[in-house]
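> Sharing a structure with you now.
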Amino acid sequence: MATLADIGLAAAINILSALIFLLLFAILRIQPFNDRVYFPKWYLKGVRSSPVNSGAFVSKIMNLDFRSYVRFLNWMPDALKMPEPELIDHAGLDSAVYLRIYLIGLKIFGPIALLSWSILVPVNWTSDGLQLAKLRNVTSSNIDKLSISNVERGSDRFWAHLVMAYAFTFWTCYVLMKEYEKIAAMRLSFLQSEKRRADQFTVLVRNVPPDSDESISENVQHFFLVNHPDHYLTHQVVYNANELAKLVEDKKKMQNWLDYYQLKYTRNKEQRPRVKMGFLGLWGKKVDAMDHYTAEIEKLSEQIMEERKRIKKDDKSVMQAAFVSFKTRWGAAVCAQTQQTKNPTEWLTEWAPEAREMYWPNLAMPYVSLTVRRFVMHIAFFFLTFFFIIPIAFVQSLASIEGIEKSAPFLSPIVKNKLMKSLIQGFLPGIVLKLFLIFLPTILMIMSKFEGFISISSLERRAAFRYYIFNLVNVFLGSVITGSAFEQLDSFLKQSANDIPRTVGVAIPIKATFFITYIMVDGWAGVAGEIFRLKPLVIFHLKNFFFVKTEKDREEAMDPGQIDFYATEPRIQLYFLLGLVYAPVTPVLLPFIIFFFGFAYLVFRHQIINVYNQKYESAGAFWPDVHGRIISALIISQILLLGLMSTKGKVQSTPFLLVLAILTFGFHRFCKGRYESAFVINPLQEAMIKDTLERAREPNLNLKGFLQNAYVHPVFKDEEDSDEEGLIEDSDDEDCVVVQTKRQRSRRTTVASSNASRGSSQSTPFNQLDLGKGKPET
């Protein structure tokens with residue numbers, strides 16, 4: 001059981017760690033040779049040039065301006081100066097909405113902390129429930145006198161906690177509603193003012209039914225010319241190019257090694273570099289490194305060419321899917337948001353993700369296999385969550401000196417040392433839990449990829465959902481349950497079964513001390529480590545020394561990174577959960593959470609302005625997930641408070657808390673119906689307005705040229721295939737086209753407008769269909 005002294009030691013360690021990280025960052029960021037590490041965003045935008053290109057040698061390495069060291073903390077006010085509209089233009093709406101999550105934390109928990117400390121803390125402190133609990137062998141510490149555990153069983157003081165639960169809920173719901181309304185308006189405004197992008201006109205069609213007489217490309221073209229004759233423009237079929245992508249990736253790796261050895265040779269021309277041919281280059285025959293990698297690259301180039309030819313000729317490489325582009329956003333919206341045929345399992349349409357956020361390997365997965373894959377991952381996630389309770393129990397065993405002494409008496413001489421005791425209880429559990437969770441986001445992302453999601457945003461949102469569930473079940477509930485068992489081990493073993501719920505009711509708020517230590521490790525030192533950027537700093541200088549030859553190489557060596565939504569958002573949600581659960585129970589935890597939200601907002605705002613470069617823009621599409629999880633945390637806090645109050649002899653409060661949970665769920669349904677459509681549906685009115693304005697501004701826009709290669713697989717956009725682009729044939733000069741099928745069972749033809757004829761198929765740079773004068777290619 002962590003005491004006030006233990007928490008003080010943990011706070012000292014984490015504050016010192018955070019200050020060291022911040023000091024190192026403040027000094028390193030102003031050194032010229034680190035400029036690309038701490039300001040890569042501005043280099044990518046082309047508004048910042050390298051300071052190491054001019055001046056004396058020493059000034060290229062070290063900042064000799066003494067005044068800059070005096071102003072080394074200027075990054076803090078600078079991070080707050082940029083107004084939100086400018087931030088959206090600079091970094092995108094996703095980044096701005098992400099920052100608002102931290103602001104919501106401050107808006108919610110600031111007033112809640114004020115109320116709880118002014119009302120609940122005096123109520124708890126002036127009670128003497130823990131004195132009575134000690135008679136039942138319940139372990140506690142002085143800090144627990146600030147919690148609900150100190151209120152006597154059956155006391156009327158619990159009505160104060162009930163009233164505060166209502167106040168906290170109403171305030172949280174008010175803040176959430178205002179934010180939902182604000183962000184929905186920001187999203188619609190952003191989409192309306194956004195520049196023209198291919199995904200605004202494009203729909204992904206999946207589960208295209210096979211036809212024995214027509215290819216997939218011909219089938220897609222025929223279907224949309226018939227059913228969307230006035231709006232269909234062009235399409236690109238989806239190819240299984242995963243093997244080709246692997247070859248291209250291998251070639252890039254070989255090229256990197258060749259560049260490295262060429263640079264090494266230019267620095268020492270007296271001896272050509274050699275490499276061993278054995279496993280990992282540890283043993284085997286030595287050969288000339290440059291000759292070896294040159295030969296490997298030539299070999300891979302031939303394999304890539306052969307694989308491309310195979311894909312051209314093999315119909316099995318064509319998946320039952322296509323990207324279909326339309327002449328207007330309105331036409332794309334109608335197609336994406338409607339059912340295409342009476343069979344709901346065929347011709348499935350959805351908005352195409354932004355081209356740069358496509359996860360191309362998953363497009364090659366057969367659509368029918370996705371259900372099986374997702375079921376398998378549900379089972380795998382269940383077992384991952386279930387078995388992770390073992391390390392959680394280990395962490396909680398560290399958090400309890402009493403539990404260690406009872407289960408391992410031989411360690412008593414060590415843990416009885418005051419400094420060691422404070423270190424074990426106040427710092428070690430939080431850092432061990434943090435280490436156990438390091439690889440979890442990566443594992444969950446791999447599971448999401450296996451499920452077959454086709455966009456990075458959908459992958460991240462699924463992984464984030466699972467991470468949130470994992471935190472809820474293991475990090476929160478698992479820590480409370482296992483920790484209570486360890487700390488109250490003697491009570492659990494000696495008392496009757498009827499008394500165990502009462503002991504748990506007292507022990508749950510006592511676990512606040514463990515979560516305080518975890519918040520300091522993860523939310524204080526962890527956030528400070530984020531701005532320090534140790535890993536990108538080391539990697540950049542290694543690349544700069546071994547691989548960089550030109551300014552382009554130096555730019556590629558930069559690693560600006562991005563906001564990993566799947567890893568960061570669930571962590572934030574854990575703080576919302578802890579804050580809402582413990583606000584009416586143990587208010588002492590709230591200042592630690594408020595400091596986290598304020599500090600993280602400052603750090604991540606700086607990173608978004610100067611460092612991060614997002615790979616895609618979803619216009620804040622993830623906000624409904626954020627809102628829903630905060631509501632879930634609110635309902636969980638009410639249910640846990642209900643259980644706690646019932647164990648404390650206040651069963652009559654149960655109806656009031658049940659009503660509160662029902663009201664909270666009703667509020668969620670209201671927000672879902674009122675605001676969520678802005679995040680999942682593109683209003684036809686907005687699409688028509690944008691189309692009309694675009695036609696007025698650019699009456700001669702060649703939209704087909706803009707769209708025809710937008711969704712070609714990246715491996716087909718290699719410079720070596722530039723000659724393939726010449727294979728694209730246009731039929732814009734036709735005034736009328738007869739859409740004629742190749743089916744032997746049907747001789748019907750469909751006359752389409754001349755506008756539709758301009759939408760002739762543009763499958764890929766190497767698979768085109770020329771309609772000519774209405775005669776299909778044979």
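Positions of Cβ are set from backbone N, Cα and C atoms, glycine also.
When I checked Swiss-Prot for this same protein, it listed these features:
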- 753-763: compositional bias 'Low complexity' (COMPBIAS)
- 738-778: region 'Disordered' (REGION)
- 7-27: transmembrane segment (TRANSMEM)
- 101-121: transmembrane segment (TRANSMEM)
- 158-178: transmembrane segment (TRANSMEM)
- 375-395: transmembrane segment (TRANSMEM)
- 427-447: transmembrane segment (TRANSMEM)
- 467-487: transmembrane segment (TRANSMEM)
- 512-532: transmembrane segment (TRANSMEM)
- 584-604: transmembrane segment (TRANSMEM)
- 626-646: transmembrane segment (TRANSMEM)
- 651-671: transmembrane segment (TRANSMEM)
> Flag the pair the transmembrane segment (7-27) / the transmembrane segment (584-604) as in contact if three or more Cβ pairs fall under 8 Å (sequence separation 6 or more).
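Between the transmembrane segment (584-604) and the transmembrane segment (7-27), which are separate recorded stretches, there is no contact, as judged by 3 or more close Cβ pairs.
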> May I ask for the residues of the chain that lie six or more residues beyond the transmembrane segment (584-604) and have a Cβ under 8 Å from a Cβ within it?
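76, 79-80, 98-99, 102-103, 105-106, 109-110, 112-113, 116-117, 120-121, 124, 143-144, 146-149, 161, 164-165, 168, 508-509, 512, 515-516, 519-520, 523-524, 527-528, 530-531, 563, 572, 575, 578, 637, 640-641, 644.
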> Mind checking which residues reach the transmembrane segment (512-532)? Cβ under 8 Å, same chain, six or more beyond either end.
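Distal contacts: 1-2, 6-7, 10-11, 14-15, 17-19, 21-22, 24-25, 141, 143-144, 147, 396, 399, 425-427, 429-431, 433-434, 479, 483, 571, 575, 578, 582, 585-586, 588-589, 592-593, 595-596, 599-600, 603-604, 606-607.
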> Please identify the stretch among 101-121, 158-178, 427-447 with the greatest number of Cβ pairs below 8 Å relative to the transmembrane segment (626-646).
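Looking only at 101-121, 158-178, 427-447, the most contacts with the transmembrane segment (626-646) come from 158-178.
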> For the transmembrane segment (101-121), give me same-chain residues lying six or more residues beyond its boundaries with a C-beta closer than 8 angstroms to one of its C-beta atoms, as numbers and ranges.
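Answer is 146, 148, 160-161, 164, 167-168, 171-172, 175-176, 179, 569, 572, 575-576, 579, 583-584, 587-588, 590-591, 593-594, 596-598, 600-601, 604, 626, 630.
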> Who are the chain neighbours of the transmembrane segment (427-447) in space, where the CB to CB distance is under 8 Å and they lie at least 6 residues beyond its ends?
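Non-local partners: 9-10, 13-14, 377, 380-381, 384, 388, 391-392, 394-396, 398-399, 459-460, 463, 466-467, 470, 475, 479, 514, 517-522, 526, 564, 566-567.
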> What same-chain residues lie close to the transmembrane segment (651-671): Cβ under 8 Å, and 6 or more beyond its ends?
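Hits for the transmembrane segment (651-671): 158-159, 162, 165-166, 169, 173, 176-177, 180, 627-628, 631, 634-635, 638-639, 641-642, 645.
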